[in-house]
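Read the structure below first, then the notes.
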Amino acid sequence: MRIPTHPSAHPPEARAPRPRGRALAALAAVGALVLTGCGSADASEEEIVVAIVANPQMQDAISLEEKFEAEHPDVNVRFVSLPENEARAKITASVATGGGEFDVVMISNYETPTWAENGWIENLQPYIDRTEGYDDADFISSIRSALSYEGDMHSVPFYGESSFLVYNKELFDKAGVTMPEKPSWTQVQQLAAKLDDPANDVSGICLRGLAGWGEVMAPLTTVMNTYGGGWFDQDWNPTLTSPETTRAVNDYVSLVQEHGQAGPATSGYGDCITLYSQGQTAMWYDATAMVSTIEDPSSSTVAGKNGYVPAPTMDTEAAGWLYSWSLAIPSTSEHKDAAWDFVSWMTDKDYIKLVGNEIGWERIPPGSRYSTYEIPEYREISQAYAEPTLTAMNNATQENTMTHPVPYEGIQFVAIPEFQDLGTRVGQQISAAIAGQITVEEALQQSQAYAEDVAAVYQRENRE
Amino acid sequence: MTTETLTTAPPTSTGTPKSAGPAGQGGRRVRSAALTVFTWIVALVFFMPVLWMVLSSFKQEADAASSPPKFFFVPTLDQYAAILGSGAGGYFLNSAIATLVSTLIVLLLAIPAAYAVSIRPVQKTQDVLFFFISTRMLPVVAVIVPIYVVAGRLRVLDNVWTLIFLYTAMNLPLAVWMMRSFFQEVPKEVLEAAQMDGASLMTTMRTILLPMVAPGVASTALLCVIFAWNEFFFALNLTAVNAATVPVMLVSTMTSEGLFLARLSAASVLASLPVVIAGWIAQKQLVRGLSMGAIK
């Protein structure tokens, strides 16, 4: 502890003015910056705030936003770009409570029908109808219907995806095996066993095991569906312990445990993309959107060496999921027309060509419009995966991917508000089973109990 | 005083060469060397993530994601250029404003409060202190919805002053408790002497008390700066484009589809620098401050 030896030798009063003056000046400067909004938009401009998920295609949109502003000098666009989980939580909180921070939000086909029903987002059909050249009939039909409520589109697709199986042709040739045109899960298990090469750090397959409704439960639900199982039957009875679901989950868990990547219980899409693009796994079943990364030579060592086949099946015609990142306008927006100008620009045919010409044809947002697959430059670079993607998207309907009708919308999810929580809790159980902490049967018993709580509400509604 | 204690300590503790044989001496050396090696290993284990972050920030995305990890690579500043070219300045400015203004307000409020509860305690002082600390007991996530709704109704979402208000409330209890323990170490006689000389309360505070507890003020301020600078939850939920801070910028470099490790590392290095520099500048004061008072 220090006691000033000569406090009177330097009277504080004598030194005070300069530091105080500087401090006041600094405070005034800070205050001025804060009060002026740190560089807010020009008064003549209309500012719109766009909340989007920070995926590569969306980051490309941010980098091209100047082109939009050049066409619309009176609109200033500002972006909030966050990873999927943070973006979903933030956008949901804002839209559900009427926070009003955003004029455009990126949501999916999971949220669109519910939010439209709640009146949280604008009906975009009148905007679409009055926008010349905005060809909504060009949207891939499965996506179009997934983003519609009572026949009207309430969000428009930026890109769409299904799921398929990618495999490394080099590793297949080396192992002397071939991939069937339409593989079943049984064949995939056999192939994975042959391709598994721990000595060279190469796994037979990479499958998501990370807990979360948007992580392990997305691919696993499509497996459950094609095995004849699923979440609920037509009367909202949970079917997570049915023989079909149990067989599907057992096969998935044993496949990833025996021939999957290291640390499967904590591997998500991001981990698999890294492993696959570095040649460390021979197969990967996941979103068709993977192509923009694994076919990009700057980030992938396996670009150009990949084969694509439809999602493996068992008892159904197809098994791929359907997902779309789309743009919607919250009802609270005070700049709806400017917001639509931006939404229509970012989801138009011309935008896709703009990305192709400015950034690269492998980076375009795929799976939203049929016309994308007719662009010669894109057809040329996407020979290996364009057709499988389009086929997967066209086949991604409940009729093609399930053995029985269900009382909800969605393929790899159940489009009810409770599903985010239910799916994540069930995902935790599955993840624990993959980690070997509990058995698959224990995981499914617990999951069934969770699902019964949720189902009770819908069963009651059915009775009423 | 200290020297005397050391010289009169038992011979075993200071070490007398004649009393210990070569075997004992060798054993001590081995133990000492083992301890040194162990300390280095522990230090390296703790430093490794930081070193890895810095190394990754100079890589291309493919190199950063490679397995086995690459130690030898062609360094690049691409990631830093990408971060700095994507409007990072706004995030840093917001963080600086929220951090500095909230810390200033915290100190202005905490110093008189701590003086009151330590130098001139009253009957309910203990209750007051408990009340201060009790505000830290509720997890932030439990109150985020009401705070979000209230901020929305008051139309102060995405406003840096909302963050300043919340960071002040967040750090104030900590600052009062820390400053209290520093004030308690001030000898009463010094204050009595000042009173005898006719010094007013403000004069005593300015010329006697504050210079004596300056290291404490510095360490309290630095902790407040660190907590406010690194705060993520409020910033994520209550800001959008006008008031987003550096931690929000960090998370916005992540993506669930595609590679981001190198860019995130570069953003993390940039985000860490101001706090590291502040800590380095305040090093002397900080060590003195932390060795007195509460965190002794």
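Every residue gets a Cβ built from N, Cα and C, even glycine.
Note that the structure is a prediction, hence the values are computed from the model and not measured.
The annotation region 'Disordered' is assigned in TrEMBL to B:1-25.
Under the heading compositional bias 'Low complexity', TrEMBL lists B:1-17.
Counting only same-chain residues 6+ beyond the ends of the transmembrane segment (B:33-55), those with a CB under 8 A from a CB of the stretch are 69, 71, 265, 268-269. The transmembrane segment annotation in TrEMBL covers B:33-55 (among others).
Sequence-remote contacts of a segment are chain residues at least 6 beyond its ends whose Cβ falls under 8 Å from one of its Cβ atoms, and for the transmembrane segment (B:91-116) they are 160, 163-165, 167-168, 171-172, 175-180, 182-183, 205, 209-210, 217, 220-221, 224-225, 228-229, 235, 239, 242-249, 274. The transmembrane segment annotation in TrEMBL covers B:91-116 (among others).
The domain 'ABC transmembrane type-1' feature in TrEMBL is assigned to B:92-282.
Non-local neighbours of the transmembrane segment (B:128-148) in the same chain are 117, 157, 166, 169-170, 172-174, 176-177, 180, 233-234, 237-238; each lies 6+ residues outside the stretch with a CB under 8 Å from one of its CB atoms. Sequence annotations record features per position, and here TrEMBL assigns transmembrane segment to B:128-148 (among others).
Annotated transmembrane segment per TrEMBL: B:160-179 (among others), in sequence order.
Annotation comment: TrEMBL describes B:208-229 (among others) as transmembrane segment.
Feature annotation from TrEMBL assigns transmembrane segment to B:260-282 (among others). Long-range neighbours of the transmembrane segment (B:260-282) within the same chain, counting only residues 6 or more positions beyond its ends whose Cβ lies under 8 Å from a Cβ of the stretch, are 53-61, 63-65, 79-80, 82-84, 88, 92, 95-96, 218-219, 221-222, 225-226, 229-230, 246-247, 249-250, 253-254.
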Contact set of the transmembrane segment (B:160-179) with the rest of its chain, CB cutoff 8 A exclusive, min separation 6+ beyond the ends, reads 94, 97-99, 101-103, 105-107, 109-111, 113-115, 117-118, 129, 132-133, 135-136, 147, 151, 213, 216-217, 219-220, 223-224, 227-228, 231, 234-235, 238-239, 242-243, 245, 293-295
Same-chain residues at least 6 beyond the ends of the transmembrane segment (B:208-229) with CB under 8 Å of its CB atoms are 95, 98-100, 102-103, 106-107, 110-111, 115, 167, 170-171, 174-175, 178-179, 181-183, 185-186, 190-191, 194, 199, 246, 274-275, 278-279, 282, 285-286, 288-290, 292-293, 295
